[in-house]
Structure formats: structure tokens, C-alpha cells
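Structure record follows, encoded as C-alpha cells.
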Amino acid sequence: MATAPKEAENAIGLEEIHAERKAPPKGEKTFTVEEAVETIGFGRFHIMLFLIMGSTGVAEAMEIMLIAVVSPLIRCEWQLQDWQVALVTTMVFFGYMVFSIVLGLLADRYGRWKILLLSFLWAAYFSLLTSFAPSYAWFVFLRAMVGGGVSGHAQGLIIKTEFLPTKYRGYMLPLSQVKFIPESARYHVSTGNTGAALATLRRIASMNGVAMPEGQLREPAKERRGRFKDLIHSKYLRTTLQIWIIWLGIAFAYYGVILASAELLERDLVCGSAAPAPQDSSDASEGSHSPCHCRLFGPSAYQTMIISTVGEIALNPVNILSINLLGRRLSLCITMGCTALFFLLLNICTSSAGMVGFLFVLRALVSANFNTIYIYTAEVYPTTMRALGMGTSGSLCRVGAMVAPFISQVLMSASFMGALCLFSSVCVICAVSAVTLPIETKGRALQVGT
């Protein structure tokens with residue numbers, strides 16, 4: 001019986017401890033991570049962070065462009081049909097889709113930096129092995145593993161988002177696209193590791209040459225982190241569903257443009273041009289019935305691809321102004337609508353230079369779409385589910401990417417206009433979804449918990 005008062009006393013003591021954690025002593029100054037990030041501002045640390053994390057965008061872009069360039073080579077090497085060439089790209093994004101959710105979940109639980117480093121090593125290892133693929137089947141498998149590694153690169157954008165002050169996110173995030181990187185202070189406080197968060201913030205303040213806010217860092221830990229059911233909670237359900245639709249459509253259009261441009265160059269489908277006629281009638285008969293063709297890129301084709309790829313950075317200044325002046329939703333709606341229009345313009349009878357111009361603008365628009373949705377998704381979800389939200393969005397995005405090769409490399413051969421109309425229709429749906437998103441994140445502080 002003597003233990004009952006002691007248990008009650010201990011319970012009271014625990015309640016007092018929790019009360020002290022929730023309410024700081026009277027008169028003591030406190031600050032949150034959000035307040036510290038805003039006070040520290042933008043400086044040398046952030047420039048270094050963007051230079052380092054730019055490697056994630058470079059690595060991912062190289063892997064994606066490799067798909068377009070290598071398609072004619074593997075078609076010739078293994079005498080592949082259209083659907084087999086398309087399957088290579090689809091399997092890359094299948095690996096991305098599967099691993100994107102898993103890595104997002106792990107990043108919310110164990111940290112962004114660890115998953116980012118793991119994904120770099122994973123992608124590098126399997127990309128190297130792809131060079132030694134002895135057969136088509138091995139090539140497809142190894143490229144799927146590379147896609148799984150590339151999926152973790154999204155954690156780089158999350159780290160940048162969580163370290164940037166609110167007013168700089170709309171300007172700096174579109175411009176970025178491993179050495180040691182500090183773990184996110186927002187992640188540390190969400191796990192209750194206030195000491196590590198404070199150390200990171202002090203390091204950033206020191207590098208930027210500014211003073212930390214006065215007082216003690218106090219922010220409650222979040223016990224619930226990285227739970228899928230939070231994404232479909234009534235508070236975020238509509239936002240999540242519309243984001244998934246937009247991500248799927250943007251990826252469908254983005255990779256559709258890349259693969260379609262490669263297909264146009266490989267098959268010489270520019271209006272008014274014709275492939276060289278075979279010298280022998282028997283060759284012509286054989287070629288007309290062959291299920292596959294072999295035509296490697298020439299110097300002019302690579303030049304065209306380089307010019308059109310430059311379009312991905314050409315619209316950045318306009319995109320940055322649009323995001324910050326018009327907001328994320330309206331800006332995305334406009335660029336998606338323009339993407340739909342330019343897909344249809346590809347059907348206009350034009351010269352080779354005109355076709356390059358259309359592809360240039362299309363690459364600029366689809367890149368702007370990705371910039372905007374990346375920023376919006378990173379801003380709309382709280383810290384406890386930000387990586388998972390990005391991971392699931394990236395996973396749905398790869399569904400669109402998996403379908404795109406069969407439209408660009410298979411359907412386009414049967415019905416050029418039909419393929420363009422399909423791409424355009426999906427972009428219109430995304431434009432409507434973007435402008436009707438329930439939350440505008442322009443100027444909004446990053447949320448900590450649900």
C-alpha cells in the first residue's frame with residue numbers, strides 16, 4: 001500500500017516535467033526553427049548548399065538524357081521492336097516508382113541526408129554495371145535498379161527547401177537543378193533532437209556571418225512521422241489527390257517530349273522530308289515488313305538535341321518571376337496550358353529549324369512545370385510528412401513516365417496526331433487541377449506538424 005502514494009507522486013512529477021517542456025519559465029526568450037531560419041536569412045551556407053546539391057539535378061538529367069540517346073543504339077544492337085525499346089524507359093521509371101515511396105518513408109523516419117547519400121551510391125553502382133550488360137534482359141533489369149537509386153535524389157530538394165527562408169524559396173529553388181551536407185534542422189526537431197538542430201542552426205549562422213535569435217530553441221517533438229494515412233487525411237486529401245494528378249501529367253508530358261524528340265530525329269519525321277530510298281527493291285520490300293529499324297543519330301541530330309535541351313533553363317527567369325508574382329497555382333496553370341498548345345503545334349507542317357524551335361519551347365515549358373510542382377509539394381506538406389509526400393508524388397509521377405514511352409515510341413508511329421492530342425489533353429487536365437488546388441503556398445511558412 002505504501003507504493004501507491006509514491007506512484008502518484010511520480011506521476012505528478014512526470015506531469016510537471018512535461019509541463020516544463022511545454023511552457024518555458026516566465027520571462028525566458030524562446031524561438032522555433034522557423035524563426036531561426038528566417039533570422040539567419042540567405043548567405044554563404046545556402047550558396048554552398050546549392051552548389052553541392054546541384055549535382056543531384058545533373059545526375060538525374062544525365063540518366064534521363066541517356067535514355068533518349070541510347071535508344072537507337074540498343075535497337076540496332078539487339079534488333080529490338082518499338083515496344084521493346086519503350087520497355088527500357090518504362091522499367092527505369094518502374095524502379096523509380098517503387099523506390100520513391102520507400103525512400104520517402106525512410107527519409108521521414110531516419111533523415112534526409114542518409115537516404116540521399118545511399119541513393120547516390122546505389123545509382124552510381126548500377127549505372128556502372130549497365131555498361132557491362134550482356135543482353136537485353138540484363139540491360140532492362142539494371143536500368144530499373146538505376147531508376148530506384150535516382151528516386152532518392154528528391155531528398156536534395158527537400159533539404160534545400162527546409163533550410164531556405166520563406167521569401168527566397170520561390171527564387172532559389174528553380175535555379176538548383178556528395179560532399180558533406182548537414183541534416184535538416186527541421187527534421188531534428190521533429191524527432192526531438194533539439195541539440196543537433198541547434199548545432200546545425202549555429203553553424204549556418206556562423207557561415208552566413210549573422211547572429212542567432214536570442215533565447216532557447218523550443219519546439220515540441222512530433223511522435224507521428226512519415227505515415228501514409230496522414231497524406232489522405234481529410235485535411236490533405238483533396239490536395240494530395242490533385243497533386244498526384246499533376247505530377248503524373250507533368251511527367252507524362254516531360255518524358256514524352258524527350259522521347260518524342262528522339263523519335264522525330266531517328267525517323268526523320270520533319271514535314272516535307274523523306275528518308276533515303278533503298279537502292280534495291282528487294283531491300284525495300286524487306287524493310288517495309290521488318291518490325292524494327294536501325295538508324296543511328298548523326299551530328300545534326302545531336303546538335304538538335306543539345307539546342308532543345310537548353311530550353312530547360314531558358315525559361316527559368318520568367319518562371320521565377322511568375323512563381324513569385326502570380327503564385328504557385330496560377331503560374332503552373334499557365335505553363336501547363338501553354339504546354340498543351342505547343343504539343344498541338346508540333347503537327348504543323350514546318351522546316352527542320354521550326355521543329356527545333358517548337359521542341360525548344362516545349363522543353364522550356366515542361367521544365368518550368370516541374371520546377372513549380374516541386375516547390376509547391378515541398379511547401380504544402382508539414383515536416384513530419386514532407387519527404388513521404390514528395391516520395392509518393394514522385395512515385396505517381398513515374399506512372400506517367402512509364403506510359404510516355406509507349407505513346408512517344410509506339411503510338412506516335414501509328415498515329416502522330418493521336419499521340420499529340422493525348423499529350424495535350426493530359427496537360428489541360430493538369431492545368432485545371434493546378435488552378436483549383438485548395439492551398440496557395442506563396443509566402444507561407446513551412447508547416448511543422450499536422
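Just so it is clear, glycine is given a Cβ too, placed from its N, Cα and C backbone atoms.
According to TrEMBL, the features are:
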TRANSMEM  47-71  transmembrane segment
DOMAIN    49-442  domain 'Major facilitator superfamily (MFS) profile'
TRANSMEM  83-106  transmembrane segment
TRANSMEM  115-139  transmembrane segment
TRANSMEM  241-260  transmembrane segment
TRANSMEM  414-437  transmembrane segment
- Query: In terms of Cβ proximity under 8 Å, which residues at least six beyond the ends of the transmembrane segment (241-260) contact it?
  - Reply: 64-65, 67-68, 71, 89, 93, 332, 336, 339, 343, 346, 359, 362-363, 366-367, 369-370, 373, 376-377, 380, 389, 392-394, 396-401, 403-405, 407-409, 412, 419, 423, 426-427, 429-430, 433-434, 436-438
- Query: In the same chain, who gets a Cβ under 8 Å from the transmembrane segment (414-437) while lying at least 6 residues past its ends?
  - Reply: 239, 242-243, 245-246, 249-250, 252-253, 256, 260, 269, 328-330, 332-334, 336-337, 339-341, 343-344, 346-347, 369, 376, 400, 407-408
- Can you give the mean pLDDT for the domain 'Major facilitator superfamily (MFS) profile' (49-442), rounded to a whole number? 78
